[in-house]
Amino acid sequence: MYAALLEARCVPTEDTYALLLRAYCNAGSLHRAEGVISEMREHGIPPSATVYNAYLDGLLKARCSEKAVEVYERMKRERCRTNTETYTLMINVYGKSKQPMSAMKVFKEMQSLGCKANICTYTALVNAFAREGLCEKAEEMFEEMQQAGHEPDVYAYNALMEAYSRAGFPQAASEIFSLMQHMGCEPDRASYNILVDAYGRAGLHREAEAVFESLKRQGMAPTMKSHMLLLAAHARSGNVARCEEVMAQLHKSGLAPDTFALNAMLNAYGRAGRLGDMERLLAAMERRGTSDVGTYNVAVNAYGRAGYLERMEAAFASLERRDLAADVVTWTSRMGAYARKKEYRRCLEIFEEMVDAGCYPDAGTAKVLVAACSDERQVEQVTAIVRSMHKEAKTLFTI
């Protein structure tokens, strides 16, 4: 269409370039997106905030966080006038990359330049803290939003509910749900899904089931995500029979289970020790090409807990064969299997492999390493290793 536009001797506008950038980012063609910026410069058109914001939005949706930060820094170097949308996008970039304090720095920078935040900015900040379960900070930003004269909408309430859900406070999430209704703000499907997840994470599967049924009574059709969250709730409680019923219900609704739903079912089998059923489902997922890192994380964890180290290592090796990169959960689950057997040296070897692969430990990794220790000397060694790792680790992004 763009080629036809040029052929018709039409002059591209900022909106034309903005649409092109979004399209290339959505298609994952980042080199072509950069080509658009180069083309603008060749024609003597400096990219404006409108164009750069479209680029940032495309990168955010394509989950290209590092590239988004690079573009943001370039905007500042070029003295391109940033605006509320720019800062809101960058808060979302850092929030989705689990860097809430970096998101807060962007907010502070925005305030220092006299740029006014809108309800989307505040909601993005609440979401940034919510993803990490930092409910006090999320609540603080929610209150600041109200003090700034913004009336919370369903997205803001959902963000605060998510914070309590991730922090393990389902009752608080439920109270926010009730408050939303009391304030005349109608919960949407996402509100119900968050509440199902909140109860599921806390192991309260009956309450999760009740919310799911309430969603249907409101005349809202449960989505794939709704079923997946209910599946996960019952998987945590070990109710495999109910998980299978939910999966059948999913098929009956005409929805084909996605990878998240299948992983939840896989997890249910793994937790219940039904490894044969887990292996059959895993094989079917591999045949269909629907397995992801989460799929193998479930398998590695299940085999590790059952003490089947060879099968666990085979599941881990499957990641490389399928061109998937192990994440911190995969590595930690693998270490956990050896930690249960107090194989301290093997845990350290895996830890070194993990670091060499460019994957940095989290609090869960540290706990597993300590669990592998048999004496005080080993505990001291692990403490020193983890501390040095945190000193050497660079933050993913810089402001």
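Positions of Cβ are set from backbone N, Cα and C atoms, glycine also.
TrEMBL: automatically predicted annotations, no manual curation.
As annotated by TrEMBL, repeat 'PPR' applies to 13-47 (among others). The DSSP breakdown of the repeat 'PPR' (13-47), given as helix, strand and coil counts, is 26 helix, 0 strand, 9 coil.
Summarised by DSSP class, the composition of the repeat 'PPR' (48-82) is 26 helix, 0 strand, 9 coil. What TrEMBL lists as repeat 'PPR' is 48-82 (among others).
Positions annotated as domain 'PROP1-like PPR' by TrEMBL: 66-203.
Within the chain carrying the repeat 'PPR' (83-117), a Cβ under 8 angstroms from the stretch's Cβ atoms is held by residues 49, 52-53, 56-57, 59-60, 63, 65, 68-69, 72, 75, 124-125, 127-129, 131-132, 134, 137, 148, 395-397, 399, all 6 or more beyond its ends. Residues or ranges marked as repeat 'PPR' in TrEMBL: 83-117 (among others).
Away from its own ends, the repeat 'PPR' (118-152) comes close to residues 84, 87-88, 91-92, 94-96, 98-100, 103-104, 107, 110, 159-160, 162-164, 166-169, 172, 180, 183, 185 of its chain (Cβ-Cβ under 8 Å, at least six residues beyond either end). Annotation comment: TrEMBL describes 118-152 (among others) as repeat 'PPR'.
Residues of the same chain lying 6 or more positions beyond the ends of the repeat 'PPR' (153-187) and with a Cβ under 8 Å from any Cβ of it are 119, 122-123, 126-127, 129-135, 138-139, 142, 145, 194-195, 197-199, 201-202, 204, 207. Positions annotated as repeat 'PPR' by TrEMBL: 153-187 (among others).
The repeat 'PPR' annotation in TrEMBL covers 188-222 (among others). Averaged across the repeat 'PPR' (188-222), pLDDT in this predicted model comes to 95.
Annotation source TrEMBL lists repeat 'PPR' at 258-292 (among others).
For 327-361 (among others), the entry in TrEMBL reads repeat 'PPR'.
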What are the DSSP helix, strand and coil residue counts for the repeat 'PPR' (118-152)?
26 helix, 0 strand, 9 coil
Six or more residues beyond either end and a Cβ under 8 Å away: which residues meet both conditions relative to the repeat 'PPR' (188-222)?
154, 157-158, 161-162, 164-166, 168-170, 173-174, 177, 180, 229-230, 232-234, 236-237, 239, 242, 253
